[in-house]
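Per TrEMBL, the features are:
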COMPBIAS  1-10  compositional bias 'Polar residues'
DOMAIN    149-297  domain 'Peptidase S54 rhomboid'
REGION    1-34  region 'Disordered'
TRANSMEM  101-118  transmembrane segment
TRANSMEM  153-178  transmembrane segment
TRANSMEM  190-207  transmembrane segment
TRANSMEM  213-233  transmembrane segment
TRANSMEM  245-264  transmembrane segment
TRANSMEM  276-296  transmembrane segment
TRANSMEM  308-329  transmembrane segment
Amino acid sequence: MENPTQNVNETKVDLGQEKEAAQEEEVEHSTAAKETIIDIPAACPSSSNSSSYDTDCSTASSTCCTRQGEHIYMQREAIPATPLPEAEDLSLLKYVHRQHWPWFILVISIIEIAIFAYDRYTMPAQNFGLPVPIPSDSVLVYRPDRRLQVWRFFSYMFLHANWFHLGFNIVIQLFFGIPLEVMHGTARIGVIYMAGVFAGSLGTSVVDSEVFLVGASGGVYALLAAHLANITLNYAHMKSASTQLGSVVIFVSCDLGYALYTQYFDGSAFAKGPQVSYIAHLTGALAGLTIGFLVLKNFGHREYEQLIWWLALGVYCAFTVFAIVFNLINTVTAQLMEEQGEEITQHLLHDLGVS
């Protein structure tokens with residue numbers, strides 16, 4: 001038979017052990033509560049409310065502070081690092097901003113000088129300043145009565161009236177063309193130059209359809225107008241945009257002033273050689289401005305520039321299509337009138353009894 005006193009003692013021992021375990025667990029919880037991890041800003045607290053803290057403001061990601069015997073581990077907020085551009089973005093940026101050799105301007109200038117020197121050697125003029133007598137049946141000169149020979153709309157740029165005409169065009173296209181080609185590349189500048197040459201002959205065929213045309217002034221003025229397009233697109237990224245704009249304005253003003261003087265005030269200018277085709281200059285400049293907006297590099301990409309792009313494309317296409325259709329209709333009409341004129345002449349001769 002079991003002793004009741006022994007059972008009571010065992011029960012008391014069990015209760016005492018449970019009480020001691022509960023006390024130890026409370027002590028552990030209270031100790032853990034004294035160590036707290038909180039997030040604080042990167043800057044050290046400087047207000048009066050934080051005077052009870054002893055803080056080590058170091059560059060480490062965490063700092064230990066003490067307050068009334070408690071240890072508080074404060075985790076600093078991480079500062080996001082600026083992401084570095086990827087390798088593909090860097091290569092694309094270098095490609096966009098890379099410089100080019102001005103092959104087109106140099107080659108086209110050498111060809112124009114060589115062809116003029118050949119014409120000067122084979123058909124010498126009486127004086128150095130007098131115009132070279134270019135034959136009207138040259139395969140390069142633009143002629144309104146041979147519009148169907150399409151290459152003439154471009155090949156006339158290789159012929160020049162005199163040394164002054166050639167030298168003026170060469171100097172201007174070197175001075176204004178090389179900086180553009182170094183920045184934007186050979187293909188873009190070649191397109192602008194040839195578009196100006198083509199527009200010069202097209203405009204002349206529409207407005208002044210009875211004249212022959214020689215010279216590269218259409219391409220030269222296209223380069224000048226392309227500078228205006230470049231300044232409009234990339235003004236914020238250019239160091240000397242105002243200087244370039246001023247040089248273009250000064251040159252155009254001087255050229256226009258000289259042209260007006262020779263046409264209206266200097267009567268001897270007509271005896272010096274062929275007259276200047278202002279229509280070729282104007283239409284070449286229009287082509288250079290519109291094509292410049294279409295093909296030149298744009299380093300800014302602002303919203304309104306998309307509207308400029310479509311406007312330039314519409315203006316150039318409208319002018320080009322109109323001029324081409326005009327030339328086709330004019331050519332076909334001239335051929336029909338010529339054929340009908342011969343038939344009418346033969347009928348009149350027959351009626352008069354003349355064989």
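Residue positions begin at 1 at the first shown residue.
Backbone N, Cα and C atoms are what each Cβ position is placed from, and that goes for glycine too.
Unlike curated entries, TrEMBL annotations are predicted automatically.
On a predicted model such as this, the values are computed, not experimentally measured, just so you know.
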Secondary structure content of the domain 'Peptidase S54 rhomboid' (149-297), with strand meaning DSSP E or B: 119 helix, 1 strand, 29 coil
Segment-level pLDDT (mean, integer) for the domain 'Peptidase S54 rhomboid' (149-297): 87
Most Cβ pairs under 8 Å with the transmembrane segment (276-296), selected from 153-178, 190-207, 213-233, 245-264, 308-329: 213-233
Intrachain neighbours beyond the transmembrane segment (245-264), with Cβ under 8 angstroms and 6 or more residues off its ends: 172, 176, 224, 227-228, 231, 275-276, 278
Residues from the same chain, set at least six apart from the ends of the transmembrane segment (190-207), whose C-beta lies under 8 A from its own: 104-105, 108, 142, 144, 147, 152-154, 156-157, 173, 177, 180, 213, 216-223, 225-226, 277, 279-288, 291-292, 295-296, 316, 319-320, 322-324, 326-327, 330
